[in-house]
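So that you can see what the record holds, here are the features copied from TrEMBL:
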REGION    1-22  region 'Disordered'
DOMAIN    158-357  domain 'FtsK'
BINDING   GLY186, GLN187, ASN188, GLY189, SER190, GLY191, LYS192, SER193  ATP binding site
Amino acid sequence: MTTDRTRPLLPRQPVRWHTGGPGGARRLINRLRARVAEQQRLEAHRLLEADMRGLWREACTGVGLCQYISAAAGLTVRTPRFGGLRLTPTGTSFTVELMPGGEPTDIEAHALRLAHSLGFAGLRVQPMAGRWVRVVLFDADPLASTFALPHAVTGRADDPILLGRREDGALVEHALASPGHVAVQGQNGSGKSQLSYGLLAQLAAAGDVVIAGSDITGLLLGRAWNGTAHRPWQITGSKDLAAHAAHLDRLVGWMDDRLETMPPRVDNIAPTVQTPLVLVVLEEFPGLLRAAQAKDRKLAERITSAVLRLLSEGRKAAFRVLMLAQRFEANAVGGGYARDQFAVRLSFRVPAESLAMLHGDDARRLGPEHANTEPGIAYLSAPGEDCVRLRAPYVGGYGAFCDRIARDGRRAA
Ligand SMILES: Nc1ncnc2c1ncn2[C@@H]1O[C@H](COP(=O)(O)OP(=O)(O)O)[C@@H](O)[C@H]1O
Ligand SMILES: [Mg+2]
């Protein structure tokens with residue numbers, strides 16, 4: 001007789017359904033661990049956010065960025081409202097709602113003090129929708145350390161070249177082929193030449209760029225360029241000022257030839273190897289004008305009118321001017337009209353008055369601080385870049401510049 005009881009029992013199967021098979025238990029534990037870690041992260045984020053909110057409120061009150069409101073319970077302080085904190089691998093930022101009547105510039109005006117109170121080196125304000133802005137914090141001041149120019153050259157006029165590094169560490173670039181002349185001002189020893197060494201070193205190899213111009217100091221142009229295709233288009237020295245005038249006239253003649261032979265239905269020459277972009281460098285231009293004026297008024301007028309023509313008509317003919325001066329006073333650079341032709345404007349250390357002169361009244365509030373800034377730090381106004389502070393790349397001195405030109409400078413065909 002057989003019964004169910006005597007039937008051999010099936011081997012016991014491991015219970016799998018709730019863990020999802022072999023290795024399932026481990027996966028489950030890992031999931032739980034990840035969830036706990038995420039909860040801990042959120043909790044830490046909340047604590048940090050609460051901390052920052054309190055610090056922000058105190059910092060705003062401390063610098064006077066607040067409104068006092070009289071309520072039944074007494075006087076209360078209102079500060080720009082802290083929204084949410086965002087932590088990403090690239091940095092820390094938070095949102096802020098402006099106070100009634102407030103503007104982003106109110107925060108910018110106290111940027112350094114507010115950032116220091118929060119334990120950071122600096123901050124930048126980015127407008128968002130409506131009354132909200134994003135305050136981006138910087139751990140370290142990228143302007144404080146030297147920024148070496150990488151060993152790179154551009155091959156074409158429409159490749160961007162490096163102008164500098166912004167306060168938030170982002171690189172600022174400019175393609176020479178984009179329309180616009182470049183103005184650089186700064187007191188003696190503020191970094192104009194170093195910036196120019198960097199710009200020209202990056203451009204020296206480009207097949208569709210000619211680096212021409214006038215340099216009474218003979219350092220930026222001249223000797224360093226011997227043996228390159230650019231040298232015949234450069235004039236240096238302060239002995240023969242008439243030669244500078246004649247040379248600038250020659251460049252204007254070249255521009256006129258291009259304007260006359262412009263193909264039909266074209267109002268703008270794109271740089272090519274056959275019709276290269278001509279960068280007319282005018283190092284210490286007010287010095288050239290002053291020296292010419294002292295010698296012969298007519299000579300100075302001739303120089304001024306040549307430069308005015310390059311500035312006003314050059315853009316269409318692929319001519320760009322890079323003018324360097326200690327300050328861009330109208331009468332030192334050929335008049336207010338000449339000054340208005342520059343789309344890209346850089347100011348190294350200059351008196352507050354000169355900063356406002358080149359960058360407009362909005363820059364006035366930046367004046368006192370910038371008047372004492374270190375060499376190599378400049379304010380930039382350019383299309384799409386509204387008065388940003390940057391550090392110019394450092395080539396490594398005059399010797400290093402000469403080495404780069406000797407190595408990279410385009411040779412005559
Ligand atoms: N971008 C920079 N980074 C670091 N140091 C700089 C920079 N620019 C200038 N310097 C320092 O300042 C000095 C003077 O700079 P320079 O360009 O010759 O001034 P400028 O032409 O305005 O008279 C340089 O020798 C260098 O020591
Ligand atoms: Mg100089």
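Glycine is no exception: its Cβ is also placed from the backbone N, Cα and C atoms.
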If the criterion is a C-beta within less than 6 angstroms of any ligand 1 atom, which of the binding-site residues GLN187, ASN188, SER190, SER193 pass it? List them in sequence order. ASN188, SER190, SER193
I'd like to know which of these binding-site residues, GLN187, ASN188, SER190, is least surrounded, judged by other CB atoms within 10 A. ASN188
Distance filter, Cβ under 6 Å of ligand 2; input binding-site residues GLN187, ASN188, GLY189, SER190, LYS192, SER193; output LYS192, SER193
Coarse DSSP state, helix versus strand versus coil, of GLN187 (ATP binding site): coil
Apart from GLY186, GLN187, ASN188, GLY189, SER190, GLY191, LYS192, SER193, which residues in this chain have a Cβ no more than 8 Å from the mean position of the Cβ atoms of those residues at the ATP site? GLN326, PHE348, ARG349, PRO375
How many other Cβ atoms sit within 10 Å of the Cβ of GLY191 (ATP binding site)? 23
Cβ contacts of SER193 (ATP binding site) (under 8 Å, same chain, 6 or more positions away): LEU219, LEU220, GLU283, LEU324, TYR398
For LYS192 (ATP binding site), just count the other CB atoms lying within 10 A of its CB, please. 26
Entry from the binding-site residues list GLY186, GLY189 having the most other CB atoms no farther than 10 A: GLY186
